[in-house]
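Here is what TrEMBL says about this protein:
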type: DOMAIN; residues: 30-122; note: domain 'Ig-like'
type: DOMAIN; residues: 229-318; note: domain 'Ig-like'
type: DOMAIN; residues: 405-491; note: domain 'Ig-like'
type: DOMAIN; residues: 564-658; note: domain 'Fibronectin type-III'
type: DOMAIN; residues: 663-756; note: domain 'Fibronectin type-III'
type: DOMAIN; residues: 761-865; note: domain 'Fibronectin type-III'
type: DOMAIN; residues: 869-965; note: domain 'Fibronectin type-III'
type: SIGNAL; residues: 1-19; note: signal peptide
type: TRANSMEM; residues: 995-1016; note: transmembrane segment
């Protein structure tokens, strides 16, 4: 195994060896009691501490060696040593790398020196890593280089893709090696979306160190080239591993290739047999054997295969045994002139070499494995012996001392025990040479037997103690220097326990009186109400008596929301990132996840937004930020209970500026006039500026031309190009610019200059397939050059010129319909036409801005159709036993009316009545029906007919007619007439007569009562809304009609509509539809109550032929009301 480690002088803390528990008041050489680990890794940003503590009498003086030479701590301005200690504090603010060295602490007094381990101080570096650029399909290795142990740190990789951070998941393609490096068998385009960061966790410090992230950029190609397997780790075709027996053995094979190779294993030419001692991990890329043995020796072959090739690598495993003790040497304390012998025997594979040193100085002679060191004529010095090997070492102390024996600890103790238990009587002592020890009862004889045993540390053990064992026991020690003794008295009790429950509360005075009131004892149960963090601690129930006690403890753990993080610190600033570190708060017994929040300069101060979430094991992360922005950060810890209070905000931080990295969106070029083009785009948000003075660089040139790109810079969102030809295509692009540089260019888009009015009209406009409500239009297209822009559509304009019924008035409003230029043939269908009408039409071509000249106009007529529903449908009660209905012409006859159909059926009769249908000629528009009783109601439906068939139905139901309503109305009207007549007849001066005044008051009261009753009856008579009802079922319904009853005011309005004035009749044109046209002559007869007779006779006559002479009698609507009386 070669030369062993250089001897070092070191005093260790005594390891429970009673004979060497030397009181500190005894003069003795130094002993190292605390020191740092051999491989000491520190963060250069913090104070670097190298521990070294020792004891001795007199108190030792400390000094340090660095790289084997004396280190003058007093003359180093960045280093200091703590008072009465050897611990070294290094404040390396400047050039911390100079302190990376090997340190050794020396503690000395007049009796000797003690040497610490050789401590190697290492700094965890954070070098800046350049971005890695790799083509898709090629292999990639990202190195971690974590600091070495012992113990070896745990490494893992994180990918920080804004705004989240997550662990890199291994698979067949991506894996982490034993050395901490991240291997990609082949990279994909998705690997370039994240930054990769290696983290090293040191378990003994519970500290996580994070390297600077490395950016991976993957270059894409049209095709990814396939590749045969090659080895990434280990390299070459063979390698070897030496492992010590009992240590962990890791065999790893990682291959590159496209597609990803598969790994298989063999041992000594045969398939690898996986046993319980062995684990295959990392998708068959690694074999783990936790404890290696000599059975694991052999040749392991790993093979990588894909469809393009096959490679192998052979790993030769050798197992050796570290040095181990056959007989450990023990520490010695010898008196002057006393002989001593130190024996150390060890073995190993290969066999270890043994060497000795005294006071740090090596003894210049080789010693066999079974080695002994003899000493005679001892002087007042000490010999420190070191067994050296690569693994095992043992430090021994023999101490020449002439000391009077003394008993350590309390004296004359009284020990009470219970009968049948074990009793331990302590008698710890010290002396040089080693004193002899003897126990006796009452100072007589020695205690011997099966129940008495004297331990090496002087303790006397009495098994199964009895009542007769009660008494005084004497411990006596003696050597050539003197004698000492101590008495221990024993009382043996045989009685049972007297139980007592005792409550022990952690930090009682800190909890306070109010807290104590929440704790109560319920028999043997402890009850705590309203538990909080102050209740946390160890609770012990004690059962005891005078002789013994028993206890049971329970730990109360109160889970709560975590405490907020503290000490937020920003470091490593860059234009888009900054590192945020913090000190985690107490988790309060629940795992923590962290949430990051930020506040920026968006003119909303104090508005915190969530930035990202990180694992609770981290206390330092790299934040991805926007350039040229102010930020403040705070951290919130979260566990299963809830979120902590936010931490105090960090210091305000501004990221540096950078060129814009966002492309302006929605770039387009549109002409606003025939010789210009407006180039426009969407603005960048303020956060996307990345720097001050944002402007836009606009580029343009004619498409399909060899001219150079022209450009202009503007701060507006539009730019105009003038003197352009009409509707000319241009190539356009734009990019954002600020004081830090130019951003990326946008993709090239095509824009067109302005459009002009089309100069040609479509030719040969014609129609076909003429139907009553639609027609098919055809035309010849125009040439592209005559459109003077982009063809948008062909638009047909049409209007209803007249009706084929000469008397019918029409609306001549113009309508249009557009047809896009995506039909195979230039044609289209115009719908929603009115039947039996004369139409005119023309067509134009349109671009995005203008319409061209109109084409030739054409005329066409639509054929007959079915009419619309008749209008002004009225239902009246002329007599108590009959109902009268009438109606008017349809609003759109859609042809020549050939007649009417009327359907009616009772709706509230107890017996069902069949639906009846009546047919009428075109000049009959009324009908009367006799009722069975005054409560019978009817449902009427009427429709007009042309030669093509029936049109839409108009349906109504008769209201509730009763005799009382008519009588009340007549009574009201007669009363009003009586009052009027009374007013004219009584002209005599009898106003002063008392009887007249009484009669008038009575009459007024009666009239008032009658008027009130009249209006109440009229309001309760039901309101019948005249509205069109189509497709109403004619089946019988119940009497209890909920649509309301008849409203007499509706009848009045119907009468008014039925009696037009002379002026209204004279104003009608020759196409108007008048009721007079359907009469037989100039006279229109009325019945006795002032209404129309209701049955028109005679043929249709033009209104201009009517004679409005004295034979036409006009009636006021009020006559109808008076006639009801």
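Any Cβ shown, glycine's included, is placed from N, Cα and C.
Applying DSSP to the domain 'Ig-like' (229-318) sorts its residues as follows: 3 helix, 55 strand, 32 coil. With DSSP states grouped into helix (H, G, I), strand (E, B) and coil, the domain 'Ig-like' (405-491) comes out at 3 helix, 50 strand, 34 coil. Summed and averaged per residue, pLDDT over the domain 'Ig-like' (405-491) gives 86. Across the domain 'Fibronectin type-III' (663-756), DSSP classifies residues as 3 helix, 40 strand, 51 coil.
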